[in-house]
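*Asks:* So TrEMBL lists these for the protein:
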- 20-39: transmembrane segment (TRANSMEM)
- 22-474: domain 'Major facilitator superfamily (MFS) profile' (DOMAIN)
- 93-112: transmembrane segment (TRANSMEM)
- 124-143: transmembrane segment (TRANSMEM)
- 219-237: transmembrane segment (TRANSMEM)
- 323-345: transmembrane segment (TRANSMEM)
- 381-401: transmembrane segment (TRANSMEM)
- 413-434: transmembrane segment (TRANSMEM)
- 446-469: transmembrane segment (TRANSMEM)
- 476-528: region 'Disordered' (REGION)
- 502-528: compositional bias 'Low complexity' (COMPBIAS)
Amino acid sequence: MTATKEYLAESELQKPNGRFGTRHYVVFMLFLGMANAYVMRTNMSVAIVAMVNQTAIEHEAEVFDDECPDTDYGEPADPADHKDGEFLWSTSLQGYILSSFFYGYVITQIPFGLLAKKYGAMKFLGWGMLINSVFAFLVPIAARQGGAPWLIVVRFIQGLGEGPIVPCTHAMLAKWIPPNERSRVGSIVYSGAQFGTVISMPLSGLLADHGFDGGWPSIFYVFGIIGTVWSVAFLWTCHEDPITHPSIAEDERKYIQQSLWGKAGVNIPPIPWKSISRSLPFYAILLAHLGQNYGYETLMTELPTYMKQVLRFSIKANGTLSALPYLAMWIFSIGVGWVADWMLTSGRFTHTLTRKLSNSIGQYGPAIALIIASYTGCNRALTVAILTIGVGFNGGIYAGFKINHLDLTPRYAGILMAFTNCSANLAGLLAPIAAGNIIEGKPTIAQWRIVFVIAACVYIFTATFYNIFASGTRQPWDNPDNDEPQKPVSIEAPAYENGHSNLANGGTTATNGTTTTYRANNAAEQRQ
């Protein structure tokens, strides 16, 4: 069976009536989970400003460029309104506290990707986020009772708990979402990152100023409660795949299962490591992911620094302006996802072409924005506009490389995402290091231009590599027809209260008085 036949077969399937189905609920919960994950990772950056006694600690002299005139626009109107925190932590110690979460997050990517493949993704995702949320309650206690060392430990454990979010989300999407719905669904789910950031930044600031227990602790209590409620609801109401879901409508179950070439619920053979290591389409995704994280970190962390050091304008001091880029990316990513799926269902565009076009918008767009931003001179308004537009265009990646793992290999998508996401997060750390070395002691427009052009070149190179070698077709090393045949199994299973039951790896389903037999690892066989 070829990939082309796979998609043609899907177009001939009987799609369920236009209702809010079980798969849509799963997507909604994954979206909220992604939003919650990004709230947990970003709220400390806001809280630590309120936690630290800024006037009592010694500040390193910050070097400013004198090419642009000074301005107080975007700075707090009254410095007296600022309240000092209760901790005397140096800038370097604050850096260790902020980074401790990400060390835990990065090291668990690949292990959880492998475990999800063997034991299922849903429980790792739910329990991981529950650990993340519960430990949020311990942040104020650790900081006040144990100081920075204990706070670092708690944040590290939170990072460990959040490790499953991306690989396990990818693994669940592979089991629940038909190929021609993946662009918009992937964009919706992963845009939860921007949605969570847009919610977290202003709300965390509000809680820091007016919250209970001294202000900043309320940030972790409030978001800890929200995260715990989501985790329990997710574990209680969601299931690993359509086969094991007890109450999904039969027509929706059949539509999902028949649209996925090589049903998600059957036994999965060992990971074809050798074939993956030789796959150019996989390396195309990997490089695109590396370039994305490097460029994104430059856009979101270094450009604001440039505006403060060179343009004398602090975008971080204005909550509305700081949220604009995230909001633009969230809205644009959803729009691109819908357009991409329309392109696929129209029959005029292949999956490969659709992924490349979407990814080109998502990576060439920010590259051009970075180059333009390096030549805007002292025009503050134009630089803010470029930042917003560039990050907005970046939303195209969700219908590009970000969801492309599912096209290549639905059965191993979580594992591939674990490898690319882990590598990309490490690559993202290079952006501030490179920028710091280039502008150290001389933050001029010319030096910053080098920073922006390097990031733009990274974007352009990785996007071009992706356009040359990427593919939207299922790879031969994930062809269920090549799996070793297993002996057919037929086991009578009791019915649920709603009249049907399912066994993922061989069994029967009783529905409306009829019995349907499933046979494990036979991709060509459907319900009788």
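Note that Cβ sites are derived from N, Cα and C of the backbone, with glycine treated the same way.
Because the structure is a prediction, the values reported are computed rather than measured.
Each of these features: where is it, how hidden is it, and who are its neighbours?
*Replies:* Away from its own ends, the transmembrane segment (20-39) comes close to residues 125, 129, 132-133, 162, 165, 169, 172-173, 176-177, 185, 188-197, 199-200, 223, 226-227, 230, 233-234, 237-238, 242, 245, 247-249, 252, 256 of its chain (Cβ-Cβ under 8 Å, at least six residues beyond either end).
For the domain 'Major facilitator superfamily (MFS) profile' (22-474), the model's average pLDDT works out to 84.
Remote same-chain partners of the transmembrane segment (93-112), defined as residues 6 or more beyond its termini with a Cβ less than 8 Å from a stretch Cβ, comprise 41, 44-45, 48, 52, 124, 128, 148, 151-153, 155-164, 166-168, 418-419, 421-422, 425-426.
Within the chain, the transmembrane segment (124-143) has long-range Cβ neighbours (under 8 A, six or more residues past its boundaries) at 33, 36-37, 40, 44, 51, 87, 112, 115-116, 150-151, 153-155, 157-158, 160-165, 168-169, 172, 213, 216-217, 220-221, 223-224, 226-228, 230-232, 234-235, 238.
Counting same-chain residues at least six beyond the ends of the transmembrane segment (323-345), those with a Cβ under 8 angstroms from any Cβ of the stretch are 7, 11, 179-188, 190-191, 194-195, 197-198, 201-202, 299-300, 351, 354-355, 357-358, 361-362, 384, 387-399.
If you look at the transmembrane segment (413-434), the same-chain residues 6 or more away from its ends with a CB under 8 A from one of its CBs are 102, 105-106, 109-110, 112-114, 116-117, 121, 166-168, 170-171, 173-174, 271, 276, 282, 285-286, 289-298, 301-302, 405-406, 451, 454-455.
Outside the transmembrane segment (446-469), and at least 6 residues removed from its termini, the chain residues within Cβ reach (under 8 Å) are 280-281, 283-285, 287-288, 290-292, 294-295, 298-299, 302-303, 306, 310, 356, 359-360, 363-364, 366-368, 370-371, 373-375, 400-401, 431, 434-435, 438-439.
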